[in-house]
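What TrEMBL annotates here:
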DOMAIN    10-100  domain 'DNA-directed DNA polymerase family B mitochondria/virus'
Amino acid sequence: TEFTEKQRGFNTFMMKDSYKMIICPLVDFPKHLGIECGSKGVFPYHANHPEFYGKEQDGLPPEEYSGKFNKKKRAEYEEHKASLPAGYRFNMEQELLQYCR
């Protein structure tokens, strides 16, 4: 693990899996670690990039930022998208904090 300085008021934590030992996506960590933390849902992990930091946009980032979907994940994504309130604004930093808690 690597800790870096605070950025825009947020503590920054970076976990590097250099040896490719983690064989599951972050969304499956609770199940594999035997902890309860609620549903992680679908996260646009390809949008976790500096061009999205410090900005808000109307609605979710384009679908391709969420990765490839199997049928189950496609249904989750569509359900999540439909559940968003009217006028929803996507803020990567806030979404990232919520997803990682």
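Including glycine, each Cβ sits where the backbone N, Cα and C put it.
Here the domain 'DNA-directed DNA polymerase family B mitochondria/virus' (10-100) has a mean pLDDT of 79 out of 100. DSSP assignment over the domain 'DNA-directed DNA polymerase family B mitochondria/virus' (10-100) gives 40 helix, 12 strand, 39 coil.
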